[in-house]
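A.B. asks: TrEMBL lists these features:
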| type | residues | note |
| --- | --- | --- |
| COMPBIAS | 16-27 | compositional bias 'Pro residues' |
| COMPBIAS | 114-134 | compositional bias 'Pro residues' |
| COMPBIAS | 135-150 | compositional bias 'Low complexity' |
| COMPBIAS | 151-170 | compositional bias 'Pro residues' |
| COMPBIAS | 175-267 | compositional bias 'Basic and acidic residues' |
| COMPBIAS | 295-306 | compositional bias 'Low complexity' |
| COMPBIAS | 317-342 | compositional bias 'Low complexity' |
| REPEAT | 452-486 | repeat 'WD' |
| REPEAT | 487-528 | repeat 'WD' |
| REPEAT | 540-574 | repeat 'WD' |
| REPEAT | 575-609 | repeat 'WD' |
| REPEAT | 650-691 | repeat 'WD' |
| REPEAT | 692-731 | repeat 'WD' |
Amino acid sequence: MSSTIYNHRPLQPTGPSQPPPQGPNQPPRDAARLNELLDVVRQEFDVVSQECNALKAQRDEYEQKVSLQVNELGILRQALYDLESTHAKIRQQYEDDVGRLRAEVASLRGPPSANGPPPPQQQPPPQVGPPPGVGPQQGPQPMQGVVQGRAPPPPPQSAPGPPYGAPPPDYYARGPREVHDVDAQPLPPRDRGDRDRDRADRDRVMDRGDRDRGDRERDRAERERDRDRERGRDRGDRDRDRDRDRDREERERDRDRDRDREKDMKMQRGPAGSGPGGPSGVKSAVEPRKSDPYHPGGPSQVPHGPSQGGPPPSSSKPPSQSHPSSLAGPSAGGPSASSSAVVASGAPVPYDLIPGTNPLTDLDPDMVPHELKKEGGDWWAIFNPKVKRVLDVGLSLTLSHESVVCCVRFSADGKYLATGCNRSAQIHDTKTGAKTCVLVDESATKTGDLYIRSVCFSPDGKYLATGAEDKQIRIWDIAKKRIRTLFEGHTQEIYSLEFSSDGRFIVSGSGDRTCRIWDMETNACKILSIIEPDTVDAGVTSVAISPDGRLVAAGSLDMFVRIWDVQTGNMIERLKGHKDSVYSVAFTPDGTGIVSGSLDKTMKHWDISPLLRNPARLQPLAQATGMVPTNQMAGKKDGGEKGSLCTVGFVGHKDYVLSVAVSPEGSWVVSGSKDRGVQFWDPKTAQTQLMLQGHKNSVISIDLSPAGGLLATGSGDWQARVWSYATIAAP
C-alpha cells in the first residue's frame, strides 16, 4: 500500500485569478516603461540642444564684438603712430627754429664794448623779450600752441609723478617704433595694406547681419564718449604744457634782461663803483620790475637792453626809507647777500629791497640729486640747494572725504584736526586718523550744496565754530554733537572764522564787506564795516586776531589788508601793496607782523610795529566817499597809512596763493597754492626751505599745529593730509 502522502489533490492558488496569457502582438509592460524613459531622455536632449545653440549664438556675438574691438584698436594704434610722427616733425622744426634764433641772438648781441656805448640799432629778438612798445602777441607764444603734441597719460597714483604739467622724462627718448623719423613720408605700402585689410574685415563683419545693431550702436556711443573724455584730458595736458613752457620762457627772458642790465650797470659804474652807478643805481638793480610776473611789487621804470643806454633812474622813495648803506650791490654777493644785510640791520625796510627769489621754480624734480629730494608713494619734497637744509618733512595721515575739503584747523593742543566739506564738519584724531565726530545740521536746507567754508576750535576745545554758504555761524558743542549757539546777521557767505585767545569772542569775515565780532556770552555783535563804492568788490576773504586780542586783520578782494581795533571798532590801518585779491592773512606770534597771501602769486610780510608805537593809532582812518575807491584816492601809496611797511616779499609760487600760516615759534612761513604745492619759507631772508607736492588739485587751506611739528592741508582732490616736520640736528 502506498503512502497517503502521495494521495492528495493539487493545491490551487487562493488569490485573484491570473490574467490570461498575452498574445504575441501585445507589448509587455516593460516595453511601455522603456518608451516613457526614452521620451524623457529625448526631451532632455532637446533642452540641452537648445541651450547649446543659444551658447553658440552668444559665442558668435562675442566673437563679432571682439573682432570689432580689435579692428578699432588697430585703427587707434595707427592714428596714434600718425600723431606721434607729426609731433616729432613739429618738435624738430621747433627746435631748429629755436636754435637758429638763439644763434642769431648770440651773433647780434656780442660782448659789449668796455670803453664806449653799445652799438646802435641793436634790438633783442622776440625770444629774449618783446622790446618796449611791442605787445605780447608778437612774442613766441603763437608757436607754442602748434608745437605741443599729445601729452602722455598721467602716471599711476601709486608712484611719484612728474611735476605739474610736465611730460615723463623718457617721452622724447622713445624708440623708432613709437616716434617716426622727422622726415618720414606717408605710411609705407605694407601699413596701408594692413589698414585696408582691417577695414575690409570690419566691413564683412558689419555685413553679417544687423541682429546686434543696437549693441554696436551703444558700444560706438560709449567709445565716442571715451574719446571725447580723452581729448579733453589731452587738451588739459597741452594747456599745462603750454603754461609750463611759457613760464620757462618768461624766466629765460628775465635772466637775459638781468644780465643785460648788470652789464650796463657795470659799464656805467666804472671799475671803482663811482659815477652814475652809486647807491641809487644799486637800488634800482634789485627793484622789482612792473613787467616781471614774478615780482609784482612797486613799478620801476627801468629800461633794459644794450640799446637803451644811460643810467637807471634812482628810486623815488625818500632817503630815510631807502637804506642805501645796507646794500652792497652785485659785487657783494647778489640779491641774497643784500637781503641778508637788510634783515641784519634790524630796521624796517620796504620789501622791494628784498627780491625773494625762489630757485625751486627752476628745478626739474627728476634731475634733483637724491640728497635734495624726499619721495613717498604719491608725494615728494625738494629742498633748496642754495640754503642749508634744516628741515625734514614726511606724510603722517591721509584723510579721504566725500567732497572738496574747504578748510582745515587744529585744536589748541594739536590732538585733533577739524575739516570742512559739503554739508559736514569732521573731527579727526591727529595720531590715529580716526574720525571722532561728524557734525551735520539736519535742519539745513536739503537742496543744492552747502559747503563749510571755515572751521575753528575754541581755545578750551569744547566748541567748534563753522561758517557756511548759508550765511550762518554755528557753534557746536562737540561732546553733545549739537548746536549750542547760532549767530545770524551776515548777508553773504562766511569765508573765515577766528576765536580770540581767551575764547570770549569770535570774529567772522564775509563776502558782504563786513567783519563781525560776536560775544560768546551775551551773543552781542559788533560790526566792522568796509565802506567802498558799489563798483568795488571788497568782500572779506580771511580774518585773523592778534595774539593779545586787541587787533583784527582782514584780507579782502579789493587787494587791501585792513586792521581794526577790537575795543573801539575803528579801522586804524590799511595796507596796500598786493596787485590782486588777498585771500589769507595771519599774525606773527609776537603780534608785530602780518603775513598775507594773494592771487598775485606772492606773499608779503608787513611790519606793523610803527602802527603800535604811533600815539594816534586809535584814530579811525578815512574811508571812501562818493564814487572814488580807496585805492584811487590821492596820496595812497604802497604800505600802511600810519607807518606800517612791507619788509619782505615772498615770490615763487606759479599760481594763486590761497592760504598762509606762521609756525608757533615764528621760524617758518608756510603757504598753500593753486599750483598744488606747499612751501616753507624763512621769514627773515624770504628764501624757501622746501617745496612739497602731495595733492592732485589746488591746496585750498593749510594750518600749523599750535603744539608744533604738524602741518595740515586741505585740497580740491577730496583729501586732507597731515604732515610732520622737524628741525634737523646740526652734525
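The backbone N, Cα and C atoms fix where each Cβ goes, glycine too.
These figures come from a predicted structure and were not determined experimentally.
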A.B. asks: Mind checking which residues reach the repeat 'WD' (540-574)? Cβ under 8 Å, same chain, six or more beyond either end.
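C.D. replies: Residues 495-502, 505, 507-511, 513-515, 517, 526-528, 530, 532, 580-587, 589-591, 594, 596-598, 606, 608, 611, 617-621, 623, 629-631, 640-642, 644.
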A.B. asks: Determine which residues of the chain contact the repeat 'WD' (692-731) at the Cβ level, with the cut-off under 8 Å and only residues 6 or more beyond its ends counted.
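C.D. replies: Beyond its ends, the repeat 'WD' (692-731) has Cβ neighbours at 157, 163-164, 365, 376, 378-381, 389-410, 412-415, 417, 419, 421, 428, 430, 433, 655-656, 658-665, 670-680.
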A.B. asks: Within the same chain, where does the repeat 'WD' (487-528) have neighbours whose Cβ lies under 8 angstroms from its own Cβ atoms, ignoring anything closer than 6 residues to its ends? I mean 6 or more beyond.
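C.D. replies: Residues 453-460, 465-469, 471-475, 538-545, 547-549, 552, 554, 556, 564, 566, 569, 571 contact the repeat 'WD' (487-528) from elsewhere in the chain.
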A.B. asks: Grab the pLDDT values for the repeat 'WD' (487-528) and give me their mean, rounded.
C.D. replies: 96
